[in-house]
Every structure is written in C-alpha cells, then in structure tokens.
Amino acid sequence: MLDNKKEYLKDAMFIRDMAMQHEQLFRESIPLIASENIMSPLAMEMLLTDLGFRYAEGLPHHRYYQGNEYVDVIEDKTTELGKRLFNSKTFDPRPLSGTNANMAVLYALTEPGDKISVPPLSGGGHISAAKFGAVGFRGLKTVQYPFDINEMNIDIDGTIKTIKNERPKVCWFGQSVFLFPTPLKELQDAFNEVNARVVYDGAHVAGLIAGGEFQDPLREGAEIITGSTHKTLPGPQHGMIIGNTDDDTWKKVQRGVFPGTLSNHHLNAMAALGVTLAEELDFGRDYAKQIVKNARHLGEKLYEFGFNVLGEKNGFTRSHTLAVDVSKNGGGRKVAENLEKSGIILNKNLLPWDDNKNSQNPSGIRIGVQEITRIGFMEDDVTELAEILRDAVINEKPVNEIRRRALELKSRFNNIEYCYGNMKPYSYIKIFE
C-alpha cells in the first residue's frame, strides 16, 4: 500500500551499510576490549524474536499487561538457571545493564545523604560508583578505599581503617580494571562492626565467578552481586542482580528494578541471557579456565618482551584483564589509536597514579582476552599476539605490516566456541531483501 514511500530509503540503507562495515571491522580485527564479548548463535536468535516488541511490567504471573503467558515461563526459567549457575538464593534477570542493576540496588539499600564506600576510579573503580555516576545520582556521600599499587588491589589495612572510621551504610566493591579478587574475607570483621551492607559489582568477572576461576563473593561476605551480562559472561548487553539476602531486602531490590529504575525489561535480551546461562552451565568452567590461562600467559609474554605490565608480583592477573603502563611509549591514547589502525582494538585506561582529569590521555591501556578466547585462541596464539603487540608498540614497525600479521592471525579463528551449535563470528545476519 505504501510501497511508493521510499524518500528516505537511502538513509536507512546507509545505516545498514555502516552496520555491515562495522561487522567487517571486527571480522578483520583482534578484539581486546575487556568489557565486550560475542554471543552464541542461539542467544543471537533470541534477539530477533517478537519478544523484542513486547512489554512485561512487574513480576511473572503478576503482570500489568496481557500476552505474557510464554514470557513468564521464559523469565522463570532464566531465573532458575541464574540461581543454579551462581548458587544463589535469588536472581533477577530484568535490569537493562550493569549500571541499571547498580541503580536498582542503591535505590533499595540507601537514602539520599547516606554514606557509601567505593573503590577509587584510578584504581579501576567503575563510573557508576563515582560521584558523577549512579552513586552521585542517588545523592550519596562517597568515601574511597586506599589502593595498593604493588598489589593492584585495595589496601586491606587501609580499607579496614576507612570502614571503621567512616562507618558507611554500604560497602561497594568491584572494578572495571579487575585484576585480582577483592579481599572480602579479610574485611568481614569491619563490615560486621559497622553493620554495613556489602555489594559486589561483578560485571567484569561474572563468567569467571560462575566458572569457579575467580572468587565466590556470596560465600566470602557479599550480600548482593550486580553485573552486566556481556563480558566474561558472554551474553547480551543486559543486566542481572544476584542475592543471598533476606526476603524483605530482596523485595526492595525487586521494587528498585521495577518500578524504581525501569518499566519494560527488553524481553528478547532476557531470553538471550537465559540461553547464555544454560550454555555457561554446560561450557562455562572450561571457558573461564582458558580465559585465565590466556590472560596470565599474555601478561608473562608482554612482560618478557619489555612491556610494563602491572601486577607482576601476583602473576599479572587472576582474571581476563591486563593493565599495561605505556607512558614511555607515547601514552594510552596514542598506543590505542595506533593499534586500532593496525587491526587491534583495545582501550586507553587510567592507572592508579593518574589524575582522573587525564582520562582522555592516561598512562595505560587495558587488555581483555575473553573475546579472543571465545573464538578459540589458546596459549600459543596468545604468544603470537604478544609478538605482534611488541612489534607494534615497542619496535614501532609499520602499521601495514602489523595489520597484515594481525589479520592473518585473526583469520584462523572461524567459529564461536563454548556454546551450542556453530557459527562463523562477526557474520552479518541479513533479513531484509
């Protein structure tokens, strides 16, 4: 009826073309962003369903909309899988992101004017725990934990002193440069003394927690875990809240999600999360183990080749992430931009001694291996990657040479691993003809 309405088709096709070029960019590049991953084919399929067009306000079987018969079953199953994977009493698959999950928990546990203790931004703390993020938006007063650069972790004695002196209502943990487990057990007496609620932002390490390769926050003193679902947990860009808390607190958390911080919860992404949780129960331990092997091996090789890899005292990392000081190589911005031109995608990053004002040109870069592990990289492949990084950053070999080598390395990996089915990664899924 409206077939003649094509005045702006060229604009729509332009956007499609840019999306296809984006897919090609990642098909021909080595992805090392620590906060990204690639989904399985079955999880991707969920994003294309009619679920993405529907609403389901409220909790399963108590909705404000009709048409949720199958949505309720999907949400119940996703919740069941989440509780099983994380061995938790409760699980909420509705948050739209990790920050949304954080906001919901802050809404539940705090009032404006309350005090919260958080990791410092330059020590890897996430922006949602900063004054200009969700914490500030809630009107909370922040106090930061001291950071031990040699340990690349919060300073235990200093943090105990901070908690006892400042008496925060909530002690918040978790980082976006998360190299080593948080010493929750060592801080437990301090939590108890001031009667603080303990929340652990596990966005970056959720897949490692689920796979038994990092720490178990709920057994080490945390009451609630928040997180996104698309980093070491290789699902959709979505969020989750995991808890072993009392029923009254959990009801507040659920109200913090809806109606507190969202209306609809993107049902297609929730279904994709459910598929991802099932795959993690089957494949997650092997995946997490290889992630940590690859990260530690890459750290060792980069250090051997002359990079200033932080955390050397403790084996560089216990997670998927490495932090590297490249201040002698032009700084984080220059190195990240040059590597992007060479077909290697990572990000510049603040290091503990950097001023937060220098976030656009910090000392460091952040490297994550979870996505290359997802497509099949093993230790020998990581060694070759380290050689390419050395020649690009330290030896400053021509961009064209580095790009050729990076593309050749990447071209060997043509399947998404640790999941059901087979699919070539970075394939554009075409529906419109």
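Cβ coordinates are placed from backbone N, Cα and C, and glycine is handled just like the others.
What Swiss-Prot says about this one:
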BINDING   Leu121, Gly125, His126, Ile127  (6S)-5,6,7,8-tetrahydrofolate binding site
MOD_RES   Lys231  N6-(pyridoxal phosphate)lysine
SITE      His230  site 'Plays an important role in substrate specificity'
Neighbourhood of Leu121 ((6S)-5,6,7,8-tetrahydrofolate binding site), C-beta criterion under 8 angstroms, separation at least six: Ile127, Ala130, Leu350, Asn356
Packing count at Gly125 ((6S)-5,6,7,8-tetrahydrofolate binding site) (other Cβ atoms within 10 Å of its Cβ): 27
Rounded Cα-Cα span from Lys231 (N6-(pyridoxal phosphate)lysine) to His126 ((6S)-5,6,7,8-tetrahydrofolate binding site), Å: 14
Integer Å distance between the CA atoms belonging to Gly125 ((6S)-5,6,7,8-tetrahydrofolate binding site) and Lys231 (N6-(pyridoxal phosphate)lysine): 16
Length of the line joining the Cα atoms of His230 (site 'Plays an important role in substrate specificity') and Gly125 ((6S)-5,6,7,8-tetrahydrofolate binding site), in Å: 18
Residues within 8 Å of the Leu121, Gly125, His126, Ile127 Cβ centre (excluding the (6S)-5,6,7,8-tetrahydrofolate site residues themselves): Val118, Pro119, Pro120, Gly124, Ser128, Ala129, Ala130, Gly133, Gln175, Ser176
Neighbour count (Cβ, 10 Å) for His126 ((6S)-5,6,7,8-tetrahydrofolate binding site): 25
Lys231 (N6-(pyridoxal phosphate)lysine), number of other Cβ atoms within 10 Å: 29
Fewest-neighbour residue among recorded positions, criterion Cβ within 10 Å, set Ile127, His230: Ile127
